[in-house]
Structure formats: C-alpha cells, structure tokens
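Asker: Sharing a structure below in structure tokens format, with a few things to ask.
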C-alpha cells in the first residue's frame, strides 16, 4: 500500500480533545482504507467482518490504481473521452422514433402481438378502418342540439370540410378518391350505365343529417351526372333512384338497346335503395330546394328533431346503412316513451379507406402510373387530406362567427393523433437547454468559495455538469447505434432523469475533492467515494435492466435506454471527471483562483501574525521528555489540519483565524449534519414523532392504494389547448364510441361449422356496450348476408321451376336472371374434377331448412355472392381472405362452371361500442369479450377480438400482475446486490424494507393526486426503487464503515452523505421540474408530478426515517475497535523490504531508514515533504513493533515562492532531500531553530551546506510551532543459533514547523 495514501493526524498525548476522533482514517477506517482495517483485525486491535472489509479493500485497490493512472495521463484520458463520446453522439442521427399507439403499447410476445401479426400477415395491414370524426356541442352545457339551427350549422361545416382537396405528387386528391363507399355492380362489355352508377354511388358518411333531406347535400356528386335522354342534371339533392331507373329502362327499351336492367334493379332492391332523400323531412321547410315530396314541405312548424332522430337514421341504402342513435347523438335524455328530449352533442363519422385499401384501389389506375405508387404514398395522401380537413374546419369557425358564437365543433382523426404523438416524441430543445443552464448555475453557486478562491470548485463542478450532459447524449447515441428505437417516454424524460442522477456523482466527487490537499489526490478521491458511486449507480441501472423485462415496447425501450445512459454517466464519472480534477489540481497548486484562473493573478494569502516571543521560546525548548510537561502549549499552537473534516479544521483553528482564506464557507451541509441536524434527529421525542408519522403515512397510503384505479386516458396524450384534446374530452364524456371486430382465423372448416360461427356472433348480444339494431339484435355479418342472398335465389328458383321456366336440364328465355343464377349454383358439386352435376337440381338446395348453406359447394357460392351482390359484400365489412374469386353472372352464358374460392383464413364481424367513458368499463368489456373468445376457442373456433380498445387497453388486463412480478424481481435482485455491496444481509433487509415502505407511500400519493396506474407510472415506480436504493445505500455504507455506537455512526454517516444527497435531490428536482414546461398533460401528470413525489418521499424517508431506523435497528459496524470505543488504535507502520541486502530499508508509518544512511538522499528525488524521517536502525529486524504518530500538513500553497535553487536542508539524523523548485526553501528562522538542536550524527555533506539567501520578511512572517512525540521502536532479530536479540529504542522526536506566507515544512529529529 502506498504510504502517501494514509491520512495522518497529530497525536494529542492526553489532550482533552482527541483529534483522532475527527480523522476519517480513525473513525471511517474501512471507508478510507480497508487495508488498515484488515491490519487492525489481524493484529487483534479490532474485530469485524473480515470478508466484507477484504472485498472492500479489493474495490478500493482497483479504484486507487485507476485514479493513479487517470491522474498520470489526465490529458490523454480527456482526449480519448472526447473522441469516444463524440463518436457516440453522432449515432443520434440514426435514431428512429416510434409514435404510433400500436408501436408503443402492444405487449411483446403476448397474445395481442400475435393477433396483430396474424392480421398483418393475412390482410397486409393492422387497422381495419380509418375514421374522420366531427363533434358539435353547445357553449352552454344545459342547452340542446336537437333543433334545426344546430343541424344546419353542422351541415355548413361538413359541406365545406368534405370539399377540401390535397395536392400531392402532381395529382389532386379529394374525398371521393379515398372514402369508403359501396361497390357498383359490374357488367360485361362497355356500358355507360356502369360509369353512371359508379359516379352516383356516394361515400359512406355516418351522420345525423341522414334523417333529413339536407343529408343529401353531403353526397354530391361534385359534378352533376347527365343521362342521355334526361334533360335533368342528376344530384343526390334531386335524385330519386327508383324513378330514374324506371325511366332509363323504358327509354333504352324504346331505343331497342339491350342492357341487363334486372341486375341493377336487384342490386337496388337488396340494398333497399328507393326514393333516396326525396321523401325525408327538411330542416328548413321554407327552403325552395326542399323537394315537393318532403313530408313537411312549406310547413310553418319546424321539424321535431328529437322524435326524428330517435332510433337512429338511415342512409340512401336503408338495409345496410342504419346509423344507431348512440353513434350520432351524445349526452341524450329521453322521455317516458324513450324518445329523445334533449342531447348535448352531434357526431359525424366520415369513413375512409385504409392505407392498404387505397393502395389496392389505385394500383392500376392511370392517375398514379407516374408516381411509383406504394402503400406509404397512399398513407401520406390519406394523412394530408385529414390534416386539410381539420384545418378547413378551424378556418371556417374563425370566419363564421354565427356558428362559433353558439357551438363548439371539434375534429379528430387517426392522422391527428399520430401527428401529436410524433411531435410529442421529439424532445424539447428549449426545455433541455433551460434545464442544463439551471443545473450549471446551481452547481456553480454551491461550489463557489468567495473566501477561498484557490480551493473553490465551481469551475470543475460546471465542467462535470457539462460532462454529464455530454455523456447522456453519448449514451442515447449508443442506444441509437444499437438499434433501440426512441419514443415519447425516452425522449421527454430520459435526458432530464439522466442529468439529475448523473450530477449526483459530480457532487459526491467534488465533496471528496474538497477534503484533502494531498499531492496524490485523485486516487484518494476514487478510493473513498468510488465504491459509493459504483454501488449506487449499479443499483439504479440494475433496477432499470430488471424493469426492461416488462413486455410493453414503450417501457422496455425506456428502461433499456435509461440503464445504458446510467452506465455511460457512471463511466464518465469514474474515468473522465477524475481527469478533470487532476488538471484542476495543477491550477490549485499554482495558487490561481477558481474563476478565470488564466485572467486573474496568483492569489496570495494574507500574512499571518507571528506568535509571541514567549511562545517561540517555549516551542524552541527541546528538553527531551520535559516537553511533555506542556501539552496544552503544544496543542494550542498546532498547525491547522486540512479539511478532511469541517469539525476538525474548526477545532484546530485559533479564534483569530476564523476568517482566514483557508476556512470553509460559512455554511456547510456536513457541519450542519454533524452539529445540528443529526443530534436533533436523535432526540427521543423526535424519533417518536418521526416513527409515528411514518407509520401513519404508511397505513393511510396502503389504504389509499387499494382504491388506485388503472388507466391512461388518450386525452392525456394531447395538449390541453389543442382542438384534439377538446374533441377527446367531449367524445369520452358524451359518446365513448369505438369500433371493434371479432376475427375468425384459418385452420377452421367454415362450410361445415356455420352454426358455430352464428353462435359466436349471437353471443355478442349479451356483451355490454355493444350497439344493437332497432330490433334489439345485432347487425348481420357476412355469413348471414351470404345466406340471405342464397335464400332469396332459392326462393326465386323454386317459384320459377314450379312455373316451368326451368327444368332439370336447362332454362327457358322467360326465366329470370336470379333463377338462372340459382340453377347454376345448385348444380355445383364442389369438386374440381367433376364440378357440375345436373341431378342436384332435384336433390340439392342452396340453403337447407336449418339455415345451413350447402357445405360441399360453399366456396363456389362464395365466389358468386362476392361478385354479384357487391353492395352486401362491401357492407358486411367481412374482409374475407383470401379474397373470393370473381364470377360475373350473365343469363345468356350457358357455361355452368363457377370457380371455387380458396378456403378462408381470415374473416371479421364488425361491432360498434358506446358508453365506454373510463378504463374500468373498457377493462370489463375486454374481459367479457376475451372470455367469449376463449370459450369458443375451446369449441374449435380460432378467433380473437380486434380494435382500438384492445390495442390500447389490453395492457391493463395483466398490468398489475406484470408489475408485481417485475417489482418482486427488482427487489430480489436489489436484495442480492445490496447484500453483496454492503456485505450485510441485515443491512440489505433494512434498505429493502425502507424502499418497500416508500413504494407504498408513492402508491398512496398517486391515489391522492388522481394519477391512475398505467405502464408509465409502472416505469416510474420501478425507477423509484433504483433511486431510493441509491439514497439508502449511500447512508448505509457510511453507517457500516463508521466506528462507534449506532447513534455516533448515524451522525458520521449523515455528515458524509447529507451534502451529496441534498445536492443530488435538488438538481434532480430542478431537472424534473423542467418537465412541467411541456404542453402535454401526459408529461406533467405522469412524469413531472410523479417524479417529484418520488423525490419528496425518497428525501423524507432517506434523510429522516432511515437514519432513525438505523439508530434503533442498524447492523453492527464492519470494524469494532477493542482499545477505544470511538476510534481505532493508532495504525502500525507498514514494512517495505528492499530486494538488495546492501541497501535494505524499512518504512515505519511513512518513514524510511537505511543501512547506508550516507546514500539515502539519492533514493528518491521527489520525496513527499510530509514524510518525517526516523533514526537509522542498524539492526536488521525480523519483526517490528511501533507506536508513533504521524503528521499531515497541507501541501498546496496559494502563492508561488521565488526559486532559490536546490537547497539541501535538514537536521540531525533525518536527511533532507533535494526538493523540486515548486517546494521553496525554508526561511532563515528555521535554521536558527535547527541549530539549537544539533544531531549527534550529522551528515558529512550537511557540514558544508551553504545557507540560502535570506527571504523577504514581508513575504515570510515567521511562525514557529513544535510538537513532541515519543515513538517506541522494538526490533527483534533471531539468529541461526536460536539466540534472540531484542533492542528497544525510545526517542524524543521534536518536529518544528515554520509557516511563513505559505506552509513550508521541515522536520528535526533528536533521539
């Protein structure tokens, strides 16, 4: 062990105040140097946990070696660190940010991920629908929207908003290019009728306006349709589809133009397309455009809007377009008969294509041939149109004061939510800059020393804060290089969190940096506080790594990134910041001020007043043992010790020196902790109140935590001032509308299991919050519509075969198109090698009496249905995959073969949900539907639910169990880790117990603050475990490594840890408080508030409750002295043997003796001036026993002295060595003192030594101090003849010190 690393204090020899009680080596032995503690145990002077101390000594040894290497190569370390950190920072350019909901919250490896993967694999997309929603409410919450003026305002906004265009890729896109609309029937050949139908079929818009004629104004078309022979230009406002079709049929028949009008008529009949909007009431009966067929045309009475909207509305295709009342009217109140009496909101849903559907729709169109059309471009077009829709509504409300004065209109789309999350996912540069600036300012002010600019640490502290910022950016860059994606949680929170926790390390290192002024200082700093930093950072990072097992992607990414950044900050704190300290040591040694050290001149100390002559005479008395008769005089003039401990320095200073430049700041947290805070905390009544308050808070928190609810509302994800936030608020309160699908998978025989499919669909009748039709049942799904179509064909076939229009072998010209199609379907066998069998006309039916479709020809029938009943197939939203093959029926076609579709592997049943206003209701719904899914899975039907409620809220079904499992893993890992770090199971148990109590209090605080449990608070809870582990481990480490009873060890532990903990908590609080500047309620509530709660609870429990707990139940100290109750015995000197016998030397507590004393001054050219020399021992010892005291003096000076050349001075047997120029020669006053005590064996070279030129008196006012100590050296030598020679030497050593303008040390020994 390096002898320079041992802190030394003077021996008081019977003084009233034993200053060894204030030296870290004596009272925190294993913390300062575990090797000394081991030596105490080995020599029987103390007892303790030898294994724990040995392992700590191993840590200290490696950290000491690291510190020495860093100090030796400080410049190189900084250069390499800058290169490495800069390289990692470049990795931020490749960072990927996920902002979509399904990318953030879907559980990895869970059933939801597997279900979405199946959906993506089969149909090529995750989402089944895309909606553009608009909600209208009144300013007055007591007003109603059930009156014509409200609906007309709704109409004005929709007409202008749906007319918006977007220009992308040199192409104009409108609503008709991307809306979801029914398919038009196809015909062989080129017929302009087909084009007319496709132009007339409008977009599907779910709106309350469909109950009135004004709803037709939303359907267009943009340009009127002109039909030859009809002078009227067709728009839906004037269109009566039935009359127009009859007119066209008559006209073309007269012109003898052949066209299959029967197919069109059947198409309209099956969809219940009749008179369109011509027979619906008008909101304004006096409007000239109101059709004459309207029931209230020219009526003076306004329509009863409530009565008309009761039960919902129907679109132009009444059979497939029924809009339930719960979907279009919100906040409804009814009369006794169930009719609407009052409503607070109206809602319109514009149904758009999905990305995949739009891509497929336009893939072969000339409009995109020049684009290189892709699904990504389709998504960009969709998102751009939705943004323009929202922008148009906002501009309209600003212009139309009539509407905005009475109503609030909010718009929302999936694109808007994605944009908000994308914006939210990018870090706020301004907040980061402000947070860094505030942290830098705090570090500068707290580490600045106005009274002692040379020993100030503000510059190195500011450099450390900037280093933590640099290392945080580098850590995030490393995450990007490793392919870890970023999200809102990681970009908004990790930078501030890492900065707050990283600055803790800086304050711990600067606190240790202020304690000592020794030359080899960097290694001592790492040796002392390195283990504490390492253990605390490992605890926090370990908690993050443990939390990374949470399968939610957003949380897993957050935890991994936080853990990596913690490791990056730890490496910077232990490798790079010590290099900065090493460079700052040069500034301190040069005596330059901390601030602008290159600009200000060398800082000089104020001259000290020389002691009175009688004191000098007393100090110069070298009466051997007689000097022991004046212990007080010696002690009162003792040289002040370095600031290893504030108390020690204050006790050492004379009263007149209280304001000297070497004193600490007027307020010190270490001093406050030792003298005021901990003694106050240790009072009995304070302990009682603190423990009772802690137990009361714990019990109330446990009770409150039982009422903690689950949930993270989508409304929290958007800024409060945004239009989307207002929409979500109204939608959640008044509608709670969501769409969902029940998906059936492959590996299932659909033709033979039709009844199981119907039972599965019917089971949703009993699910709460599912919207029913006006009969109280569920809307038909694809299989029921398919069966109904076949049943109608079978009915027609039966009628016409009875009439003789068809026979077993053929059909006649008078047979209808449907009967002919039914004939073709009936003769299908379902076998590819023998597809047709006419004998089946007599024996087979399309649908049997039980409603089961013929299983053998099921997929042949499916091909015909999907192509010839396109309206029903599209309205079913079944999304059958593989898509059924096409078969266009032509009555004149005599080929009976119908292609067979491939077996289905994907089909879905649509449902609408309403009234889902909170997470508990959604969880109940999900649980109910999942139970149904599992039930029918057991019956052999592979299925799963799909939709926004399952994507976003599925996590809550297993959140509590997952969190409990992760917390159990974290606590188990923490127990093992802390047990290894503290090497005490009982201490680890107390730490874990305190953290558990803190966690319970955080749960209670969440309930009081209204913060619901979700994945984000789960991460913060796991983080809180790591943070509070760091706090408690630091205090426990100080408690375990101190000497004395429990109360004294608590006092010493708080003295050591209060400052770094308070500074760290304050800087973390400042960093967290910067999150309050975010415009997102999500960040403020779930990150800022919750992290502040964690810091407050951690501060109270760690700084108040945990010390009291240690004082009552704390474990035994690692080292228990046997000779003194509050300190260890004086450490024995460590022997150092030379390999050469001729020059064999021994080191006794930092002193060296040599057999060749005449050459001893050539051994080391840079011997530390703190090292006193003992007399030469000529006998070669085999063992040593020594009792001596060592002296530690400051060796940094505030002002340089002129170099008078190499001076060799000394006295007596102690050989003075040649010192470097930085160590100036002592003043002449020293030689006078030295001459009075000539050594009996002077060195030959010293007899001819010329004294140096005199020093200026103004610069070196003399001050002489002396200490007399009596070491006792016993040397035992055993010869080969078993004779033992014991030599005991007792010597009086007088150490005289002259302190001129700076501390110059010399030593004089007499024996």
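From the backbone N, Cα and C atoms, a Cβ is placed for every residue, glycine too.
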Asker: Looking at 1058-1077, 1118-1137, 1138-1157, which one is transmembrane segment according to TrEMBL?
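Answerer: Among 1058-1077, 1118-1137, 1138-1157, the range TrEMBL annotates as transmembrane segment is 1058-1077.
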Asker: From the ranges 560-583, 584-607, 608-631, pick the one that TrEMBL records as transmembrane segment.
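Answerer: That would be 560-583, per the transmembrane segment entry in TrEMBL.
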Asker: Identify the transmembrane segment range according to TrEMBL, selecting from 369-388, 389-408, 409-428, 429-448.
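Answerer: Checked against TrEMBL: transmembrane segment maps to 429-448.
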Asker: Which one of 935-956, 1089-1110, 1177-1198, 1199-1220 shows up in TrEMBL as transmembrane segment?
Answerer: 1089-1110
Asker: Of 492-513, 646-667, 712-733, which range does TrEMBL call transmembrane segment?
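Answerer: It is 492-513 that TrEMBL describes as transmembrane segment.
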Asker: Scan 858-878, 879-899, 900-920, 963-983 against TrEMBL and say which stretch is down as transmembrane segment.
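Answerer: It is 963-983 that TrEMBL describes as transmembrane segment.
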Asker: Considering pairs 6 or more residues apart, do the transmembrane segment (460-486) and the transmembrane segment (963-983) have at least three CB pairs under 8 Å?
Answerer: no
Asker: Would you mind listing the long-range same-chain contacts of the transmembrane segment (963-983), meaning Cβ under 8 Å and 6+ residues beyond its ends?
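Answerer: For the transmembrane segment (963-983), the sequence-distant neighbours (Cβ-Cβ under 8 Å, at least 6 residues beyond its ends) are 49, 51-52, 55-56, 531, 535, 538-539, 542-543, 546-547, 549-550, 989, 991-992, 995-996, 999, 1013, 1018, 1021-1022, 1025, 1029, 1033, 1036-1037, 1040, 1118.
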Asker: Let me spell it out: take the transmembrane segment (1058-1077), skip the flanking residues so only those 6+ beyond its ends count, and list any with a Cβ under 8 Å from a Cβ in it.
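Answerer: Hits for the transmembrane segment (1058-1077): 428, 430-432, 434-435, 438-439, 442-443, 446, 492-493, 496-497, 499-501, 503-504, 507-508, 511, 668-670, 672-673, 677, 1027, 1031, 1034-1035, 1083-1084, 1087-1088, 1091-1092, 1095, 1098-1099, 1102-1103.
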Asker: Mind looking up the mean pLDDT for the domain 'SSD' (428-583) in the predicted model?
Answerer: 82
Asker: In the same chain, who gets a Cβ under 8 Å from the transmembrane segment (685-704) while lying at least 6 residues past its ends?
Answerer: 997, 1000-1005, 1007-1008, 1101, 1104-1105, 1108, 1111-1112
